């Protein structure tokens, strides 16, 4: 009964959220920060500095290399773009690095079928020391972003108090809506309040934000990925019910294509973020990404699972003594996704299990597909044991759907 209640509450919570009609599925795109940080040296490093050129080149790659057509449509500027404020108090971009302005970049992105995201901070300064959005500047900055035809705002939380954030984030949401332009709102609010109740009221956050950072910034290492995953798992009973169409928990960017993850770890992050219904925001150099990493990020079935219209966040349902964990996500049309994740550090492990042990209903027969290999299997009965072989720090991921009911039970499966 408790397990059924958890699923019911997740569905009810989605209904109670206030909507601006945006991000009915998790956003997909590219974000500058993890890979390019605050590199503003356009003399020594003109190809990689935070500049108009960088974003135009990434826009070209999104449009020409298949990313846009798979759903990766957001081109998101992060910190270090601001040049200051003009005499009327309006934000202006750095004139040397963004000589044509942000509206020019927005028009360029839109001409390629993309959307432009921008960054500010709910505080006196951004995290890297550029002019922030103080409470008296909220409406002005929202109007400026709308005039520039921006499509998403990421609002950070450095250099502000809890009181200022509690007032400022709802105020910005209202100001964005008042512009009449559809601007998705990415909040860092929960992360600056510890990510958990009672300091974080996720009902309120969900009414204000389309997505929100809950925890620490990701760094280019497997240790960082695991720390974020561990936090999400520890608190999944709080986090899972508040996610849904238009409102997403954000465990931060995808590292795939950078320097810190192995091949298996890259596949693991992609699979785990997908089953968590996380935003798929890449932060890598799309000009030099390897075909192997492109294959991970452009996996059509993976993207289909991430973008499932039900929008139910998955959760860990099994932690075995053999250091194998199983994550499950409910999908539309009675389908589901399973991720078998190995915490082992020795060798590939043969994991034996049955769907019955993973809370699938008795008496059903399933067909499925291995998300990474594409192999299709059929005739898997709930009660029959199967074996998956999982590499250390790797995953096996299945997409499953019932093809037959043997008449024993037709009840909906539960967590």
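Every residue gets a Cβ built from N, Cα and C, even glycine.
Keep in mind it's a predicted model, so treat the numbers as computed, not measured.
Here is what Swiss-Prot records for this protein:
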| type | residues | note |
| --- | --- | --- |
| ACT_SITE | 217 | active site, proton donor |
| BINDING | 78, 79, 154, 188, 213, 217 | substrate binding site |
| CARBOHYD | 177 | N-linked glycosylation site |
| CARBOHYD | 201 | N-linked glycosylation site |
| CARBOHYD | 385 | N-linked glycosylation site |
| MOD_RES | 322 | phosphoserine |
| MOD_RES | 332 | phosphoserine |
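Locations of recorded Swiss-Prot features on the structure.
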residue : record                      : DSSP (3 states)
78      : substrate binding site      : coil
154     : substrate binding site      : strand
188     : substrate binding site      : coil
201     : N-linked glycosylation site : coil
213     : substrate binding site      : strand
322     : phosphoserine               : coil
332     : phosphoserine               : helix
385     : N-linked glycosylation site : strand
Most crowded position, judged by CB atoms within 10 A, among 188, 201, 322, 385 as recorded positions
188
Just to be sure I understand the packing, how many Cβ atoms besides its own are within 10 Å of the Cβ of residue 78 (substrate binding site)?
23
Please report the Cα separation of residue 322 (phosphoserine) and residue 385 (N-linked glycosylation site) in Å, rounded to an integer.
17
Tell me, if you would, which residue among 177, 332 (recorded positions) has the fewest other CB atoms within 10 Å in the structure shown?
332
Nearest by Cα to residue 201 (N-linked glycosylation site), of the recorded positions 78, 188, 217, is 188
Let me know how many other Cβ atoms fall within 10 Å of the Cβ of the residue listed as 'active site, proton donor'.
14
Can you check what DSSP calls residue 177 (N-linked glycosylation site), collapsed to helix, strand or coil?
helix
Of all C-alpha pairs drawn from the substrate-binding set 78, 79, 154, 188, 213, 217, the farthest apart lie at a distance in Å of 16
Expressed in Å to no decimal places, the gap between the Cα atoms of residue 79 (substrate binding site) and residue 332 (phosphoserine) is 37
Same-chain neighbours of the substrate site, Cβ within 8 Å of the mean position of the Cβ atoms of 78, 79, 154, 188, 213, 217 and not counting those residues, run in sequence order as 33, 119, 127, 156, 186
Just how many other Cβ atoms lie inside 10 Å of the Cβ on residue 213 (substrate binding site)?
24
